[in-house]
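K.L.:
Okay, here's the structure, questions in a sec.
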Amino acid sequence: MTTDDDNTTEVAEFLLMGFSDSWEMQSVHAAIFLLVYLAALTGNLLVIMLPALDVHLQTLMYFFLRNLSFLDFFYISVTVPKSIVSSLTHDTSISFFGCALQAFFFMGLATTEVAILTVMSYDRYVAICQPLHYEVIINQGACVKMMAMSWLSGMICGLMHVTANFSLPFCRPNRVHQFFCDIPQLLSLVDSKVIIIEIGVMVLGTSLVIICFVSITLSYMYIFSVIMRIPSKEGRSKTFSTCIPHLVVVALFMISGSVAYIKPISNSPSVMDLLLSVFYTVVPPTLNPIIYSLRNKDMKVALRRQCGG
């Protein structure tokens, strides 16, 4: 790391400070993250593989779920393995290029996740509120286009963030008070006079997330209004038990991420800031396969069939 005459810093690498400097706490952190990471990989791989192996699951709904699990498999892999290795080896450094690449994939995949969750809520809205028109509205061509647009929008967003952030001059020490290269913490290393472009990108991104969250909430409100008209109490209870966990995980993911990205940038984040980041990096890809798929009766039956049960 070298400094020029204008008090800007040429950074060759960053130091990810993580949760603690204590060896004991780093070991605990590594063990917890490893268990969560293995659980997330197992759950998402099951959701990806089961529909491919079982013809009964080769429907458009499982097309969305497989895309979500494919995304979550890589989303958690962008941040958690590096954090585990850093804790075990006590080497917290990450190269400038490695940090930029991690930030690109993290922001790109996070945005894609928001888009896919929005599409999936629309799919459920049409299936429950307009069942007679479902096959006309949600056909294979429409599904492929919606997924393509979700992935494309995510990658464009990731590119915008990385271009805006990593083209700025760094003027503070290269210590990132986070367990991965998160944009708000990287901005704390930049002169506040020159971050207007990246702040603009963050405001735009957060506004789109809020719009998506409102769309998802409205979709579920319509769904709940239809559910309330189901005469069977058991039927209402079963549908509510499926939909409410979906909405809770979506809210947890989007609200925690939005709060982290719109709150004032701090040079010394608290433990709560680090825990908040866990809710939009680690929790969603771990819970999504359980809530959206593995609680599903058809998935359980398919899993038993494949296991020979």
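Using N, Cα and C of the backbone, Cβ positions are placed for all residues, glycine too.
Positions annotated as domain 'G-protein coupled receptors family 1 profile' by TrEMBL: 43-292. For 30-53, 60-80, 100-122, 143-164, 194-223, 244-262, 274-294, the entry in TrEMBL reads transmembrane segment.
So that I understand the layout, could you describe where these features sit and how close they are to other parts?
P.N.:
Residues belonging to the domain 'G-protein coupled receptors family 1 profile' (43-292) score a mean pLDDT of 87 in the model.
Taking Cβ pairs closer than 8 Å, the transmembrane segment (30-53) reaches residues 62-63, 65-66, 68-70, 72-73, 76-77, 80-81, 83-84, 87-88, 282, 285-286, 288-290, 292-294, 299, 302-303, 306 in its own chain, all 6 or more past its ends.
Non-local neighbours of the transmembrane segment (60-80) in the same chain are 33, 36-37, 40-41, 43-45, 47-48, 51-52, 102, 105-106, 109-110, 112-113, 116-117, 119-120, 123, 127, 138-140, 143, 147, 150, 179-180, 281-282, 284-286, 288-289, 292-293; each lies 6+ residues outside the stretch with a CB under 8 Å from one of its CB atoms.
Listed by sequence, the residues of this chain that lie at least six past the ends of the transmembrane segment (100-122) yet keep a Cβ under 8 A from its Cβ atoms are 64-65, 67-68, 71-72, 74-75, 78-79, 82, 94, 146-147, 149-151, 153-155, 157-159, 161-162, 165-166, 180-183, 186, 205, 208-209, 212, 215-216, 219-220, 246, 250, 253-254, 257, 280-281, 284, 292.
Long-range contacts of the transmembrane segment (274-294) within the same chain, counting only residues at least 6 positions beyond its ends with a Cβ under 8 Å from a Cβ of the stretch, are 18-19, 33, 36, 39-40, 43-44, 46-47, 65, 68-69, 72-73, 75-76, 79-80, 106, 110, 113, 120, 177-180, 182, 245-246, 249, 252-254, 256-257, 259-260, 300.
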